[in-house]
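Participant: Here you go, one structure.
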């Protein structure tokens, strides 16, 4: 126990030094981490969302060097799931070609192939991060935190650099009154900021009270409703599970009351404005139900080639259902999702739902197993900060994060797994 505390104190002092060492010891991973917060660069003109972040271009060379130095290790179960999804993808390709005769078969093949590449790169980012040692992953986390903090300062000091089209931003920002950083939009940046705060809390071993207080304040300041509300849900969820029954009830009630007050005074007006003026509430709500419905009707997934056609097929019925109960919502945007051939903004707005649609139970079963296993490890290690970070990642990717051009989530998951394994090994020793 004493050794564990000493190592934590020592690691606080050496994380910054390890960033410099990382540059010379593992330059590809250094660059990979450095560019993770940049997920909307002009590199999109090369390969679309897949090359939105410079990290995507560094990923394959970095992985190649890592394999040469450490060898190749692949889980057979993951390979079986991968080929199973590919088989289902091709079967659904022929199904949707006949079901939607107005859809060009080349279009389905083209879009499905693009989704395939996007997810391959996304999971390779996770695999590459998992291959790092404890010092390098900690140094990478510290580097990402520094870049995100710098982007916040730049957003205030010279917002024109952030909001206007340039080499670091593929397009102009339509909401310059909000924070954007180096990311695609305010909601993604809010996710980056909260994840960075939680990463910092894990690295520095913050107290729970300090973590919750700082994160709530910063989450509100990010102007991202999704990030702030997801963290509030994390708090309520966490305290509803911990301690004795009366303690859990008391903390849960306090969390709910505080969350309600924050929601009422900081987010209710903005949410009402969204409902009256924009279509985001109707779009996100509709597509959340669409994603669940597609999964229930296709538990094995629809594969990469069935993703868009299944959305075309299921969305109109869900719109009619929601509209009958909430006619005041604006469905203009989500109506375009029913038009065969539309693809630019079509999606569930939830990475987890997208994975359920494409992979079905091939994703759901390993996902549930992983969550249960690692949360138990965090409990055994008394790592509340890691617990909060994982919960925030889950809720955010469930409700408002779906950007496959960003590798923030794969890195954070790898960071938590590597730290958990390292703690377990230290406890055994």
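Cβ coordinates are placed from backbone N, Cα and C, and glycine is handled just like the others.
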Participant: For the record in Swiss-Prot, which of the ranges 48-68, 174-194 is the transmembrane segment one?
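Facilitator: Checking Swiss-Prot against the ranges 48-68, 174-194, the transmembrane segment one is 48-68.
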Participant: According to Swiss-Prot, which of these ranges is transmembrane segment: 27-47, 321-341?
Facilitator: 27-47
Participant: Might you confirm whether the transmembrane segment (351-371) is in contact with the transmembrane segment (288-308), defined here as three or more C-beta pairs under 8 A between residues 6 or more apart in sequence?
Facilitator: yes
Participant: Kindly say whether the transmembrane segment (198-218) and the transmembrane segment (399-419) touch, using the definition of 3 or more Cβ pairs under 8 Å where each pair is 6 or more positions apart.
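Facilitator: Between the transmembrane segment (399-419) and the transmembrane segment (198-218), which are separate recorded stretches, there is contact, as judged by 3 or more close Cβ pairs.
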Participant: Considering only Cβ pairs within less than 8 angstroms, which of the stretches 78-98, 106-126, 142-162, 351-371 has the most against the transmembrane segment (27-47)?
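Facilitator: Going through each listed stretch, the top one turns out to be 142-162.
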Participant: Mark yes when the transmembrane segment (351-371) and the transmembrane segment (78-98) have three or more Cβ pairs under 8 Å (sequence separation 6 or more) and no when they do not.
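Facilitator: Counting Cβ pairs under 8 Å (6 or more apart in sequence), the transmembrane segment (78-98) reaches the transmembrane segment (351-371), since there are 3 or more.
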Participant: Cβ pairs under 8 Å only, please: of the recorded stretches 48-68, 351-371, 399-419, which one is richest in them relative to the transmembrane segment (219-239)?
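Facilitator: By the under-8 Å Cβ criterion, the transmembrane segment (219-239) pairs most with 399-419.
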Participant: When you scan the chain for residues with a C-beta under 8 Å from the transmembrane segment (48-68), skipping those not six or more beyond its ends, what do you find?
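Facilitator: 28-29, 31-33, 35-36, 38-41, 114, 117-118, 121, 124-125, 127-128, 131, 170, 184, 403-407.
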